[in-house]
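Chemist: The following feature annotations were taken from TrEMBL:
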type: DISULFID; residues: Cys23-Cys57; note: disulfide bond
type: DOMAIN; residues: 24-97; note: domain 'Ribosomal protein/NADH dehydrogenase'
Amino acid sequence: MRLSVLRFARLNPSVKELRLHLCQTGEESKGARDFVNKGYVQLKKENPTLPILVRECSGVQPRLWARYELGKEKSVVLTNATAEDISKHIEALGKAQ
């Protein structure tokens, strides 16, 4: 079994909030659940003042939202994404404005 450590850099200060929507039981949200179990703590350690919300809802399509200054938002659909894919999306959204 391959072990991987999810590493995050500090996200751009223009990122004001991250939201992760996922289903508690759906197969399409498996990677999102894995990310919460494996990567949330490290992400929060490296970005301690950033609000990171995890929203669980039965049957919802997994999605990552980033809110920036002035209320601008971007989102990425995470259907069947792995935890590693999600970390890459977070880093990409963390560099965007």
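Glycine is no exception: its Cβ is also placed from the backbone N, Cα and C atoms.
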Chemist: What is the number of other Cβ atoms found within 10 Å of the Cβ of Cys57 (disulfide bond)?
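Modeler: Its Cβ has 12 other Cβ atoms within 10 Å.
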Chemist: Can you count helix, strand and coil residues in the domain 'Ribosomal protein/NADH dehydrogenase' (24-97) using DSSP?
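Modeler: Computed counts for the domain 'Ribosomal protein/NADH dehydrogenase' (24-97) are 36 helix, 16 strand, 22 coil.
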Chemist: Ten-angstrom check, please: count other Cβ atoms within 10 Å of the Cβ of Cys23 (disulfide bond), all chains counted.
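Modeler: Excluding its own Cβ, the number within 10 Å is 18.
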Chemist: Mean pLDDT, the domain 'Ribosomal protein/NADH dehydrogenase' (24-97)?
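Modeler: PLDDT averaged over the stretch: 95.
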